[in-house]
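The signal peptide annotation in Swiss-Prot covers 1-18. Positions annotated as N-linked glycosylation site by Swiss-Prot, on the basis of sequence analysis: N68, N133, N169, N341. Feature annotation from Swiss-Prot assigns region 'Disordered' to 195-220. Residues annotated as disulfide bond in Swiss-Prot, with similarity to another entry given as evidence: C303-C369, C332-C400, C336-C402.
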Amino acid sequence: MAFLTAVLCFGFACMVQGVPSWLESRIPLLGSSVASKHPSLLDGNRHHRDMKYPFYMMQLYQNLVMANDTGLARGHNTATKEYDTVLSLFAKRCMESEKRWTLSFDMSAVSKSSELKLAELRIQLPHIEMSHNVTVDVYHTRDGEENLYLGSFEANPFSTKGSPWKVFNVTRILQHYFKEGQDIKSEYLRTKDRAERGSGMSSAEFLDSPGDSPQYNPHHTPLRRYLSTEGVMLVLFTKVKPSVNHIGFPSLIKTAESSKYVDMEKASRMPGIRRHRRNKNEKHHLSMGSIPSRHVDNGKPLCRRVDMIVNFEDIGWGNWIVYPKKYNAYRCEGACPIPLNETFKPTNHAYMKSVVKLYQPEKVECPLCVPIKMSPLSMLYYEGDEVVLRHHQEMIVEECGCS
């Protein structure tokens, strides 16, 4: 974790995007000492593959690394307590006609197997002396051809000062897209903008006035005065539906196998690559008796947790994982005594096997030193052409035991 904190400090020396108050109040501004030692980190919005990623995503990632989940969610919408993925989408097109703004996003990267918890529309605006309402129409577009109307809201984005980034809660609009796909009814969202440094997000409320979607005109005058596609971002906080991953299939395996950035050639060159199978055991603990334990292998250390540094560059994943570049996953090694005791937190099955081993040594093999408690890891990486912040479960060994 010390490495993570050191590497990620650069983001706060060069932040240019605002964050909602629930994040801002919990992210300390650090000095530039780390950046000076690592000049390559100063250009924080570009990866070594020359692909951009938003500063906001880096800020969010670092906040999750430095703060626990309870502190992160306190005072904010309870929906943020439940997300496991954050996806950022830059606008594909920004158009205007009088007091109407038309914003188009490619929602193809959004998984229909995910449940939307929170959606933020973040718009960067210049500091100007102006105050008038604007109707914002939000569309889904794919390859510049398909235009699906998602909804509209009315706001006065110039009415407040502070951060140039104005944030609007558009969860209600996009929930229809997540639930109904193409069958979306027109909704009208009215919102009163508040400064990002105030409540963190504009309040919003729907009016019962559904109707036909506004006429989409690709020849509208581009918003050269106010907006650019790089200054309009949709941030989606989602969670995979329980039924999708009910088997417990490791989420990172699926992600890595589908990534176009994984260097499989490097992996194939590594010597001694073999496939291993491991047993799945019950996780019910049993209070041990007073039978004295003995060592199976004289002189071999007992079951314990040891370091295992995973460097993503070394395993060919460096081109798609933004952060962390490496982390300590830990591993378990050592011998398990016969019979097992409470110190090694065995399952019922493992304890019975150790007792059989004590009395009938040739009948069963020795219990194995394995992880019994795991913790997740937050990772920022490219998924397709988008940047995703995702929490992958069972990435770090917290405790070892015998099974």
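Numbering starts at 1 and runs along the chain as it is shown here.
Glycine residues also receive a Cβ, built from the backbone N, Cα and C atoms like all the rest.
A map of Swiss-Prot features onto the structure.
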residue : record                      : Cβ neighbours (10 Å)
N133    : N-linked glycosylation site : 14
N169    : N-linked glycosylation site : 21
C303    : disulfide bond              : 25
C332    : disulfide bond              : 20
C336    : disulfide bond              : 27
N341    : N-linked glycosylation site : 19
C369    : disulfide bond              : 22
C400    : disulfide bond              : 23
C402    : disulfide bond              : 29
Keeping only the glycosylation sites of N133, N169, N341 whose C-alpha lies within 10 A of that of C332 (disulfide bond) yields none
Spacing of the two Cα atoms, C303 (disulfide bond) and N341 (N-linked glycosylation site), in whole angstrom, works out to 12
Between C369 (disulfide bond) and C402 (disulfide bond), how far is it from one CA atom to the other, in Å? 5
Please report the distance from the Cα of C402 (disulfide bond) to the Cα of N341 (N-linked glycosylation site), rounded to the nearest angstrom. 9
Recorded positions N133, N169, C336, N341 vs C400 (disulfide bond), shortest C-alpha separation belongs to C336
Any idea what the Cα distance is from N133 (N-linked glycosylation site) over to C336 (disulfide bond), rounded to a whole Å? 70
